[in-house]
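Quick look at what Swiss-Prot annotates:
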REGION    1-76  region 'LCN1-binding'
REGION    1-59  region 'Interaction with LGB'
TOPO_DOM  1-21  topological domain 'Extracellular'
TOPO_DOM  43-66  topological domain 'Cytoplasmic'
TOPO_DOM  88-114  topological domain 'Extracellular'
TOPO_DOM  136-154  topological domain 'Cytoplasmic'
TOPO_DOM  176-196  topological domain 'Extracellular'
TOPO_DOM  218-305  topological domain 'Cytoplasmic'
TOPO_DOM  327-350  topological domain 'Extracellular'
TOPO_DOM  372-388  topological domain 'Cytoplasmic'
TOPO_DOM  410-431  topological domain 'Extracellular'
TOPO_DOM  453-489  topological domain 'Cytoplasmic'
TRANSMEM  22-42  transmembrane segment
TRANSMEM  67-87  transmembrane segment
TRANSMEM  115-135  transmembrane segment
TRANSMEM  155-175  transmembrane segment
TRANSMEM  197-217  transmembrane segment
TRANSMEM  306-326  transmembrane segment
TRANSMEM  351-371  transmembrane segment
TRANSMEM  389-409  transmembrane segment
TRANSMEM  432-452  transmembrane segment
Amino acid sequence: MEAPDCEVLSVREQLFHERIRECIISTLLFATLYILCHIFLTRFKKPAEFTTVDDADATVNKIALELCTFTLAIALGAVLLLPFSIISNEVLLSLPRNYYIQWLNGSLIHGLWNLVFLFSNLSLIFLMPFAYFFTESEGFAGSRKGVLGRVYETVVMLMLLTLLVLGMVWVASAIVDNNKASRESLYDFWEYYLPYLYSCISFLGVLLLLVCTPLGLARMFSVTGKLLVKPRLLEDLEEQLYCSAFEEAALTRRICNPTSCWLPLDMELLHRQLLALQTQRVLLEKRRKASAWQRNLGYPLAMLCLLVLTGLSVLIVAIHILELLIDEAAMPRGMQGASLGQVSFSKLGSFGAVVQVVLIFYLMVSSVVGFYSSPLFRSLRPRWHDTAMTQIIGNCVCLLVLSSALPVFSRTLGLTRFDLLGDFGRFNWLGNFYIVFLYNAAFAGLTTLCLVKTFTAAVRAELIRAFGLDRLPLPVSGFPRASRKTQHQ
């Protein structure tokens, strides 16, 4: 064998080994995410739906749960996509010729972006509708009852839904792009239809993030306050615990001996009051057992971190708005080739990259908090071991829409300079200056408004409670109803 043939063979072997290595790494990453999501979903599913007398119903619910687990794993992968790419770029910059990180390259990152895009399309368009129709189906009339009959009905329903959505998107694309090519795009299903449909879904997710993230940023302060032990400077915990235990014992006595009282009792109301008192007592015991560091330092530091992260997010978006007016390069754009390890995507180097990753995760958590806090989606909030299968499907779809829009959301707001890879950068609306500019301005305005309205009121209430001023005898003139009552007396 001649020398050129040996060189060609060695190059082919190297490409083959790199491709196999990328497949193994991608499979291991997905398997890890899948296991984590399966453990997470089993904590929220309703056990009665999987232990029913009808084996067909239990089998259908198990299949639907596996599809939801797959979708949630893709959603988690979409969340980790941009932070993993930013960190990988900084690692390659710091260790360019390290033997142990040769597996980390641009081809792997680009492949992960393409896989997330592909499976996001697959989950949103096929798997989740299939799971929903599968759980709701009963089989065609006259057919044999069982899983196979439900599969036939689900496939027919899914085909009809696919034709309906395909026709609607084709008509919409023909109206928007009024030319012959757009009308003939129905035949170019893979290259035009799916990216266009996913572009619409991504735009919907970005709009949803625009609404939920400012609301979540404002709600993060109250949510963190519920999770941490708040400082109380002028209060006696022992006295509050004694009063709570006394009230709980009195309510328990009334529930156990309802005949001892001559008034009619609302047992449901008494049970709710008892549950509230038990919850309050548990919180008081938690605060009593907390250390002085947790009581006096942990809560203020957490509030300060939230305030710094929120203020930094608004500041970065404000700077990005100015850059949009000055420099055309600030517009989000796609990048077909992943050229990693050449230049840092932050002006502050590795520290700036870490800040970008922290901000991306913080905004994603805030958007989820805002999503479940909004009145429109509050009914979707999952409950521990009491979430129906259809509700799990709805949660997985919403989380996938939010998470798949996170890379576009972060790049549109200028939180990172990392350009969108693969089909994520092919969205037509990303090149529209007015959409991007108005989106940034709306985010900055809504976030500032929510913070000013919520944070100031929360801080004022917390300071009043911290110093015990809420229990002080206030002047009667501050309360109109009370003043009128005293005047009548």
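The backbone N, Cα and C atoms fix where each Cβ goes, glycine too.
If one looks beyond the transmembrane segment (197-217) by at least 6 residues along the same chain, the residues whose Cβ comes under 8 Å of a Cβ in the stretch are 117, 120-121, 124-125, 165, 169, 172, 310, 313, 363, 365-371, 373-374, 401-402, 404-406, 408-409, 412, 423-424, 426-429, 439, 442-443, 446-447, 449-451. Most Cβ pairs under 8 A with the transmembrane segment (115-135) among the ranges 22-42, 351-371, 389-409, 432-452 are made by 389-409. Residue counts of the topological domain 'Cytoplasmic' (136-154) by helix, strand and coil are 9 helix, 0 strand, 10 coil (DSSP-based). Sequence-distant contacts of the topological domain 'Cytoplasmic' (372-388) (same chain, at least 6 residues past either end, Cβ-Cβ under 8 Å): 43-47, 49, 211-212, 215-216, 219, 394-395, 398. Looking only at the topological domain 'Cytoplasmic' (372-388), the predicted model's pLDDT averages out at 83. DSSP states for the topological domain 'Cytoplasmic' (372-388), grouped as helix (H, G, I), strand (E, B) and coil, give 5 helix, 1 strand, 11 coil. The topological domain 'Extracellular' (88-114): residue composition by secondary structure is 19 helix, 0 strand, 8 coil, according to DSSP.
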